[in-house]
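Q: This structure is in structure tokens; I'll ask about it shortly.
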Amino acid sequence: MTKEIHEVDTIESSTTSNHIDVENVSEDDISVKRYDPNADKKRLFFIFYVRKHINYLNFIFYIAACMGSITLVVYLSIVQPFIFKLILRITENQGNLTGELALYDEIIALPATLFWGVLSDRIGRRPVYSIGFLFLGASLMLYPRVENVYPQMLLCRLLFSLGSSAATCMMTGTLGDVAGAIHERARVSAIVGLAAGCGALIAGMVLIHIPYHLQEKFGTELEGIKAAFLIVGGGAIALGFLLFLTMPSTGKGQADGVAGWFKKTILKKEIEDEDEKEIISPWKLLKYGFKAGRDPRVSLAYLSSFVARADTVLFTSFMSLWVMQFYVNLGWCDTDRGTTCYPAVGGTHKLTGYGQGIALAFAPLYGYAAEKIEKSTVLGFAGFLGAIGSLPFAFTKTNPADNSNMVFVTLTGIGQMGVIIVGMTLVNGLNVDPKYRGSVAGVFSFCGALSIMITARLGGYLFDAWMHGAPFVIMGIVHILICLLSIYVRIATPRLKREDLIREEKRLKKLEEKRLARAAELTAERKHAEANSAAVNPSNN
């Protein structure tokens, strides 16, 4: 394949407005710099390449943002049943309420993910990420102050939805901007998946215990829960401010994303940087995000987002609710009788530990496998594991936190981890134009929001109307779907790679012709300027 010409040497000259003869310029006169594939990259932690402008602090806080966003999403899913029971005193129809809130949450998240993705292509990823955490923190601080489900809890949930859609969308969009080498993006995806798994573990094994540690200081379980929400929400807001100062400068305009937008939109100033002069219509950005799905690999990535987000809400929300309902039926979680919900906390802690903790060990393996073999093959394997884990677990007749169920929960968690990691790698592939990466990430998150809207509402209804394991039947079905599409993409991969090669050769040839023409023009300008100078000052010859 022809190598891409990186840039043309700039030549400063003052010329008069006369005709310049480009035809008589020989190739020897043209000065160009050949493309160095590692010129704009550097090694980080001796493991992978990142963009040259990314430093250790940038990358660490990007990973912290990935971990923090998943921690907050999982935390709310786990503790919401405690809000129902202890603050609002609701004991019946909790499955339906959980599904309804998730439905309204995703009705807001569907357009929000598209908006955040397009906005990030205009002003950069960093401000969008920070705004998302501010929304998340404010929502959590207000959550325990609600007095009813409608409208107070709903409004808090919608504010949380705006924040979570921004954070999860940017988690995907920023990955491709940070990772420097296309063949090593699976490694960065594995680290992001590892951070996401750690976030779920922190929520399910650490944060969930905070109310019961605070109970001794504040006197009651209820006051402990309220204080815990304030602490977690305040931490999210603080992280939002930190991210604005430390996150990588990525997206349109990079570090000057907000400033560039302000100058162009508010001050109406001319931008000198050629790369910033191009302002792509938001509708064009959005259109590209959906049109990218015509590539089966991007379609598979979008479906992986659908499955991964379904896994998250079903695994966390309904796992916690199932355990809570099991202990309520045994007479626990009743303040009038003096019993607490702490046994339910212990059961949730155990399930999260097995489901997410063991899956963490597989994150590096998925990253390595996605670099060595076809990503569709790895994704299909992950979907298979998720299906054989969630379907048997759905029909268990024992305590969901019983030891006999741990193997099924572990398989479900391992499958979920693979879907997350490989899906993010696919959506940041070479077949996605970097100019539209935020928009593609927006559609990627849109598919996840659509998934939650469908599966959470259906799962909540079936939880009350059929059986408590019904949401995990849905989880098994969506994992089977991703297996089937992965098989199709794997069969089509050789053809897709040939098409990629032809398209890339045409692009590079066109770029080389453009660069050479520009180099010839600059060289002709220089010769013309030298000729004019010699004519004006003949004594110098």
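Any Cβ shown, glycine's included, is placed from N, Cα and C.
From TrEMBL, here are the annotated features:
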- 57-494: domain 'Major facilitator superfamily (MFS) profile' (DOMAIN)
- 59-81: transmembrane segment (TRANSMEM)
- 101-119: transmembrane segment (TRANSMEM)
- 128-146: transmembrane segment (TRANSMEM)
- 158-176: transmembrane segment (TRANSMEM)
- 188-212: transmembrane segment (TRANSMEM)
- 224-245: transmembrane segment (TRANSMEM)
- 300-322: transmembrane segment (TRANSMEM)
- 353-370: transmembrane segment (TRANSMEM)
- 377-395: transmembrane segment (TRANSMEM)
- 407-427: transmembrane segment (TRANSMEM)
- 439-463: transmembrane segment (TRANSMEM)
- 469-489: transmembrane segment (TRANSMEM)
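Would you situate these features in the structure and describe their surroundings?
A: Within the chain, the transmembrane segment (101-119) has long-range Cβ neighbours (under 8 A, six or more residues past its boundaries) at 80, 128, 132, 149, 153-154, 157-158, 160-162, 164-166, 168-170, 173, 282, 285-286, 289, 313, 317, 438-443, 445-446, 448-450, 452-453, 456-457, 460.
With a threshold of 8 Å between CB atoms, the same-chain residues lying at least 6 positions outside the transmembrane segment (158-176) that come near it are 62, 65-66, 68-69, 72-73, 76, 104-106, 108-109, 112-113, 116-117, 120, 125, 128-129, 131-140, 142-143, 185, 188-189, 192, 196, 247-248, 250-251, 305, 424, 427-428, 432, 434, 437-438, 440-442, 444-445, 448-449.
Residues 61, 64-65, 68, 72, 75, 79, 82-83, 86-87, 126-127, 129-134, 136-145, 207, 210-215, 217-218 of the same chain lie 6 or more positions beyond the ends of the transmembrane segment (224-245) yet place their CB under 8 Å from a CB of it.
If one looks beyond the transmembrane segment (300-322) by at least 6 residues along the same chain, the residues whose Cβ comes under 8 Å of a Cβ in the stretch are 70, 73-74, 77-81, 94-95, 98, 102, 172, 200, 203-204, 293, 344, 348, 351-352, 355, 376, 379, 383, 386, 400, 412-413, 415-416, 419-420, 422-424, 426-427, 429, 443-445, 447-452, 455-456, 459-460, 463, 468-469, 471-472, 474-475, 478-479, 481-482, 485-486, 489.
Outside the transmembrane segment (353-370), and at least 6 residues removed from its termini, the chain residues within Cβ reach (under 8 Å) are 186-187, 189-191, 193-194, 197-198, 200-201, 204-205, 315, 319, 378, 382, 406, 409-410, 412-414, 416-418, 421-422, 425.
Within its own chain, the transmembrane segment (377-395) is flanked in space by residues 300, 304, 307, 311, 366, 369-370, 405, 407-419, 422-423, 426, 467, 469-473, 475-476, 479-483, 486-487, 490, which lie at least six positions past its ends and keep a Cβ under 8 Å from the stretch.
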Q: Taking the transmembrane segment (59-81) as reference, which of 128-146, 188-212, 407-427, 439-463, 469-489 has the most Cβ pairs under 8 angstroms?
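A: Result: 188-212.
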Q: Look at every Cβ pair spanning the transmembrane segment (407-427) and the transmembrane segment (469-489), keep those 6 or more apart in sequence, and say whether at least 3 of them are under 8 Å.
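A: Contact criterion met.
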